[in-house]
Amino acid sequence: MVSAENDSHSTSDEATHTHSSLSNKAHRNIGKSMRTVRSKLFRRDHANFVSDSLTDSLMELATRNTKSVKSSVTEDQLLELSQALSDFSACSSDISGELQRLATLSSSQPAVDGDREPEPEPEPCLGFLQRESFSTEIIENISPEDLQPTVKICVDGLLSPSVAVKRSAAAKLRLLAKNRADNRALIGESGAVPALVPLLRCSDPWTQENAVTALLNLSLFEENKALITNAGAVKSLIYVLKTGTETSKQNAACALMSLALVEENKISIGACGAIPPLVSLLLSGSHRGKKDALTTLYKLCSVRQNKERAVSAGAVKPLVELVAEEGSGMADKAMVVLNSLAGIEEGKEAIVAEGGIAALVEVIEDGSVKGKEFAVLTLVQLCAHSVSNRGLLVREGGIPPLVALSQNGSVRAKHKAETLLGYLRESRHEASCSSP
């Protein structure tokens, strides 16, 4: 089990490394890149491109007709989008992967029962809240006949005037809900959710952290999602996202993502103000926090209103930077979210304004197989109905890597590259016909 101190150092090192990598990438002299040198070969024929209207479609479907773009998304494409995030978007208890104090509370916290050492024998429900140190095994081995009264003791503890008792009760409910669906169901039925929600605004950070993680774990049981939203948890989770510890912010983001799996919750979560603090977590969070923010933004931005909110909150700039960032392991994930935002006109404009075309060309040159697929797919969206964006793509040296991709890429990437090259040929032909 990773201690709180070690976990803090590791996430700090990751954040420092990521920031350094990002700074180096952001300040690279693009004029010296090979794609820019190559672009000079093509600049003459494309210097007179004019702007055109932008499409509102989410993504261009797999088609070889370069003069039309369908505006719907196939189930296969949505599945591929989801699979691109599969290494961290699947819900699991304590999902952030870097939670602290899973087995023991911090020794810096005041003890409920003085300095007494924990009992070595298995823990019955009697005296449950008096333990400050306890193991996951004790929690998981509570007998069925003791489970219900144990949960009741915890729920009663959440209503105690003592912050220490509330913290202990929330911590134990967190662990009780960690791995077992039947426990999550029982805890949901016990009235724990309305008692946990007020603790999200507790001034004690460890109580807040235990409460948000308990709600995250409970949200993994489908029937509990409605209990959580009906108890007014969304606004309080957003409060944690703004004010909590790093771990609390990560788990608040994951809890919102879990709730967003219910379609009707997506708009309400966005309307309550979740998008700006998620963008802040994307900008300044730990490596894990950025991944959690990416996942939650991806879920929320399947609806147009939240795409607009994400663009307005400034999500495009950090997404473009992550796409261009090497070694962080987040480029492909960021590109999935960027691709989603390219489905609205405001998103396209922001991507172009933030240098997104240059970053996407680099991915086509040097990215992973999956990254190249999403990069060319996003470029198709940007260029399908915009002659000016096609001109930018040419000036960024996009033709040689697109030709290479059309010959050596995956089946899907080849097809998209051919589609995009068709757009460029079409614009070049139109430009030559309009010349005197």
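Yeah, the Cβs are placed from backbone N, Cα and C, and that goes for glycine too.
Feature annotation from TrEMBL assigns compositional bias 'Basic and acidic residues' to 1-17.
The region 'Disordered' annotation in TrEMBL covers 1-30.
As annotated by TrEMBL, domain 'U-box' applies to 168-433.
Per TrEMBL, repeat 'ARM' is recorded for 191-233 (among others).
As annotated by TrEMBL, repeat 'ARM' applies to 273-315 (among others). Taking H, G and I as helix, E and B as strand and the rest as coil, DSSP gives the repeat 'ARM' (273-315) the counts 33 helix, 0 strand, 10 coil.
Residues or ranges marked as repeat 'ARM' in TrEMBL: 314-356 (among others). When pLDDT values are averaged over the repeat 'ARM' (314-356), the model yields 92.
For the repeat 'ARM' (191-233), residue counts in helix, strand and coil come to 35 helix, 0 strand, 8 coil, using DSSP.
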